[in-house]
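Going by TrEMBL, these are the annotated features:
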- B:18-40: transmembrane segment (TRANSMEM)
- B:60-86: transmembrane segment (TRANSMEM)
- B:63-258: domain 'ABC transmembrane type-1' (DOMAIN)
- B:98-119: transmembrane segment (TRANSMEM)
- B:139-159: transmembrane segment (TRANSMEM)
- B:195-221: transmembrane segment (TRANSMEM)
- B:241-259: transmembrane segment (TRANSMEM)
- B:290-315: transmembrane segment (TRANSMEM)
- B:331-523: domain 'ABC transmembrane type-1' (DOMAIN)
- B:335-357: transmembrane segment (TRANSMEM)
- B:369-391: transmembrane segment (TRANSMEM)
- B:397-417: transmembrane segment (TRANSMEM)
- B:458-483: transmembrane segment (TRANSMEM)
- B:503-522: transmembrane segment (TRANSMEM)
Amino acid sequence: MTDTPLLSVRNLKRQFGKAGPAAVEDVSFDLAPGEILALIGPSGCGKTTTLRMIAGFEPPDHGAISLRGRDITATPAEKRGIGMVFQDYALFPHMDVARNILFGAREKTPQTVARALSMVGLDGYGSRYPDELSGGQQQRIALARSFAAEPSLILLDEPFSNLDAALRHATRREIRALLKNAGIGIIIVTHDQEEALSFADRLALMRDGRIVQHGTGQQIYDRPVDAFVATFLGRTNLVPGTARGELCDTPLGTVRLAAPAEGQVTLSMRPELLELQAAAEAGNGRVTGVEFKGHDMTYWVDCAGREMQVDVMNGPRLGEGAAVDLSLRGEAVVLRDPA
Amino acid sequence: MSLNTTFRGAGRRSGPSVLLLIPALLVGIGTCLPVFWLVMRALEADPAELSAIVFRQRNLLLMLNTMKLVAVVLAIGTAIALPAAWLVTRSDLRGRGVVSFLMAMPLAVPGYVMAYAIIGMSGYYGFAKHWFGITLPPLRGLWGAGLALSLYTFPYLFLNLRSAFLGMDPALEETARSLGQSRASIFRHVMLPQLWPALVASWLVVGLYVIGDFGAIALMRYEVFSYAIYTQYSGAFDRTYAAWLSLMLLAVTVAALFAQHAVTRNRRFSRTGTGSARKAQPMPLGRMRVLAWGFVALVVIASLGMPLLVLAHWMRLGLPQMDWGHLGQTALATLGTAGPAAFLTVLLAVPVVLLILRHPGPLATVIDRLAYLGYATPPLAFALAMVFFALQAVPFFYQSYAILIFAYVMSFLALAFGPIRMGLLQIGARQEEAARSLGATPLRSFASVVMPRLRRPFVAGGLLVFIMVVKELPITLILAPTGYTTLSMNVFGRTNEGMMAEAAPFALSIILFSSLFVGLFLKYESKSDRQKAESSPR
């Protein structure tokens, strides 16, 4: 990387209280201009604390944050030029929409309000008060308010969690398009894996205050580093095996590995990479459950005492109790031992 | 990349701003001043004199009298409040809302006005003789003071017991009944243990008040600590002894505060798990209904009817010579100090509450406790300490409005905390953070986002303090600048000299103002109840 990243976070640490584990430990990443990064993980993993340190509401115990190559670790929140959209939007209830938008705007003109409102598709809403708006509208006004302050980076803290499912999908797509056009950096915090995969360019998966894996959605989905990542992002089968170089002996037979390894290992096999065939004799598995989901089916297969999930698009329709041959298409991923 | 692991600026907590620290420091110093100056003054005595003062037999008598008074007030108060609270929460008595309101109303009649009314009943021109032809023996001393104070303070007990009854799970009583227990046995074994924490906690609140009261006991000429302090100070001018007595009074107060802290902490534990209880099935009173109404009527007549009728009687007698101009001037003079005191108190309370809420830690806890200590410090001891302080440290402030208002602010600060704390909690920190992420400085964020929405709590807190200052007697009496008189000073001074008719209009004015206090109190009481209900299921 030769360009200076928009945001650079190095070795952030934050500990609440003297005893106990740190809320955030040794977190580092870069964000390019115009990029969307999702911080994702189960609740309590430190993602919101990380966001609040970047925003300047929480001082790090350790580490550095720089924006466009300038160290802002000790800069107060209001001087950072980083916008933040809160989970509950935090619109000022005693101000109308126009005054909310103008609050942080560089140019306090009616044009600023009009431009901000048309950007989020709410033209003419300037004189409304926040309590007269629906959840989705409030959410968009909160974004418009952040935009009007012309930040170089916007932080979104679970921005869609207060919207119902139908509204959530539509709003998410709209806002992604909007942000991509504006070309500013975005960090979004979420615990919803589907949201992270569809919204962000890159993901950083956090657990116990640390970033466990970092990369594009595809990279992480295809090559999870450990069982936590493999199960948090999508469904998977965890299978033990004995590795010898590029091959590995498993209850399914010998499979190819994505990367060479030796000895006892745990493998991740995504359900859609497994194949089922009706066995003539006793195969290596037996169907114990069938879940018909329309365009595909999920089979639950008992394979040497281990329950495996198999997603089948258009294979043979098999009933419960059927003997099957289970095999892997493609490569299995060797998972790191849990620390 | 130039940026390696740097530690510049990291690890530094942005502590509370100076704008919050200075007010907090002021509160800390202001509330500690009394103790400091009382000790300073007390230590001026030479060692020989000292043991004579501390081990004087009279001290024991004062202590005993104080305890007797507390016992009488609590006994009468509980005898009124407990059945009344039961009636409005558990029985099928009609008009329970109105009864509740009437039982809270006596808070509007301050102890010294109640004492005035009791004194005004008897005597040749008294209410009883004039209207009923009965010559009542004057009720003074322990029983007079006890009655005046219990009629004024029983509403505190009532309100606490009422919410304890409301918070009690009726399923427990029903279970006990299904197990064949009698009503009396259920009360003793099931209800009383649950009421106990609320009862003890409110006994301590009322006890604290009785220990610190001055007006009623002085009018009733009952010798307890505060009366002795006042006579020492105003008559005998033995200020060293007055300082020692004040310290003893303060020690009793602090002991009661510790007890209260322990009890309320336990109460929190014992109440968990009650959850959202069903409403209790009202118990039919049957033939006891007449008795219940008789009881309610007696209490209302004694606590509200009697003072109002006695006041009306003396007003009528005094009306021909009524000096409206003087009354108006006094009212204005009272408002003249109550207004600024209330405004300054709220102004000081906002940064201090902000510090307590936003920067929790040892400092915040200490300041919070100290503010409460300032409120609980017996006002007479507080005022006396202020006199010593003014005379020795800032003589040009002695007998000035500045000292008077300073004393008001320090002793009523904790009162303003309630509404402001609730307001700030409701607003939360999110809005301010949003404002800062939009580029506003912390000060501008607070001013534009929080302040406008803090107006109502600001006014409510100010009103609470304002009305308390209007009712206030001992601090005003001792610290008032020469020539300055208030409504309460007039009630006290004239009643003390037996000028009942002249005192009546002033007393009525105070009741008028105090009714406002009760209105506010009830409003906040119900609001906090709702909050409790919202947070209890979790």
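Glycine residues also receive a Cβ, built from the backbone N, Cα and C atoms like all the rest.
Here the transmembrane segment (B:335-357) sits apart from the transmembrane segment (B:139-159); fewer than 3 CB pairs are under 8 Å, leaving out pairs fewer than 6 apart in sequence. If one looks beyond the transmembrane segment (B:98-119) by at least 6 residues along the same chain, the residues whose Cβ comes under 8 Å of a Cβ in the stretch are 81, 84, 87-88, 138-140, 144-145, 147-149, 151-156, 158-159, 162, 213, 215-216, 218-220, 296, 299-300, 303-304, 306-307, 310-311, 471, 473, 488, 491-492, 495, 500, 503, 507, 510-511, 514-515, 517-518, 521-522. Segment contact holds for the transmembrane segment (B:290-315) and the transmembrane segment (B:60-86), given three or more CB pairs below 8 angstroms at sequence separation of 6 or more.
Proximity of distant same-chain residues to the transmembrane segment (B:369-391), defined by a Cβ-Cβ separation under 8 Å and at least 6 residues beyond the stretch ends, is recorded for 27-28, 30-38, 40-41, 208, 211-212, 214, 225-226, 229-230, 233, 239, 242-243, 246-247, 249-250, 253-254, 257, 352, 397-400, 403, 406-407, 410-415, 417, 472-475, 477-479.
Residues 27, 30-31, 33, 337-338, 340-341, 344-346, 348-349, 352-353, 368, 371-372, 374-375, 377, 379, 382-383, 386-387, 390-391, 461-462, 464-465, 468-469, 472, 475-476, 479-482, 484 of the same chain lie 6 or more positions beyond the ends of the transmembrane segment (B:397-417) yet place their CB under 8 Å from a CB of it.
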